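Structure, as structure tokens:
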Amino acid sequence: MWRGLGLALALCLLLTGGTESQGQSSYCKQPPPWSIKDQDPMLNSYGSVTVVALLQASUYLCILQASRLEDLRVKLEKEGYSNISYVVVNHQGISSRLKYVHLKNKVSEHIPVYQQEENQPDVWTLLNGNKDDFLIYDRCGRLVYHLGLPYSFLTFTYVEDSIKTVYCEDKCGNCSLKALEDEDVCKNVFLATKEKTAEASQRHHHPHPHSHPHPHPHPHPHPHPHPHHGHQLHENAHLSESPKPDTPDTPENPPPSGLHHHHHRHKGPQRQGHSDNCDTPVGSESLQPSLPQKKLURKRCINQLLUQFPKDSESALSSCCCHCRHLVFEKTGSAITUQCTEKLPSLCSUQGLLAEENVIESUQURLPPAAUQAAGQQLNPTEASTKUSUKNKAKMUKUPSN
């Protein structure tokens, strides 16, 4: 069960790709020493699984994240995952420092919220982190996962499942600080999962009497990989030695260490990640959406941007338009961004849900719709501009007129 969990995490990482070289990766390494005032949070939590959340008190989404983190702590504790330390580090900026108390009030006394001083080395920078990142360390203080948006949203289960993986698996090798009580928790979870799997298998293969001479086939359920991380996440994950889906004969050997991705959230507008396009262009097998992508695509997009290509753009002849999607999740008021990984001629900048939030989005190109192809229309390039015009609540990729 846990090996499958690690595989699900690893597959998502492979989809997003890393930007940091293997030599620079901090995977399975202790972080640089950092402290706030006279407190050393990593030292204080040594011996327990440690979850460090980088939240910004001036950000509405971060306030929601803090509240959900408290809910997650309670949930995991009820399930027996009690040996976990949670640490929240507020942003160093003046606006965040002024709202520190508001952030602190969103969690209980079990989750300390640390406020950086203005003149101290920035902890976020030391950890190569950004807003809404989650860093998960094992009991020996070694970094196992670094999750960034969108996978650090606590409305997903990626953070939760990553914590459980670190709790029960020795991703970075043996740690002598693992307690017997923790071993018992993991064994109980494994046995419970095994029993549920066996029961589901029995129900699936149990023949049902039919009056028809030809019984109806039962649809096969599609497995949902538990957590993954990905996209702009400084993630340091070890690939599971489990075989990949649809390749049952793959030998169970761990991959080379070069596949331990450390995903960087880029400082500038050039960002990589999953495309949220579920309507894959014809003849483009490489763009077939994965399970994690399909999961993201279930959410409705409410914003669409139409891009203008420069005249010398190679994509202009093969694309009817280029659009960016800004996903908004129900009941959360929070937004995430999906992009494609291919090289594109332009970037789009849109206003976020809040006035101070700017969302940088990569354009995703499509082949012309059937109507465009039938009419033999091509993209009518405008002046060498890379700006995008926002079309709120646009549903379709529109064909430009000549």
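In case you wondered, yes, glycine gets a Cβ from its N, Cα and C as well.
Over in Swiss-Prot, the protein carries these features:
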SIGNAL    1-19  signal peptide
CARBOHYD  N83  N-linked glycosylation site
CARBOHYD  N174  N-linked glycosylation site
REGION    196-291  region 'Disordered'
COMPBIAS  203-231  compositional bias 'Basic residues'
REGION    204-229  region '13 X 2 AA tandem repeats of H-[PHS]'
COMPBIAS  232-247  compositional bias 'Basic and acidic residues'
COMPBIAS  259-269  compositional bias 'Basic residues'
MOD_RES   S284  phosphoserine
REGION    367-402  region 'Disordered'
Between N83 (N-linked glycosylation site) and N174 (N-linked glycosylation site), the C-alpha gap once rounded to whole angstrom: 17
Chain-internal residues, separated by at least six, CB under 8 A from N174 (N-linked glycosylation site): none
Overall pLDDT of the region '13 X 2 AA tandem repeats of H-[PHS]' (204-229), taken as the mean: 42
Three-state secondary structure, N83 (N-linked glycosylation site) (per DSSP): coil
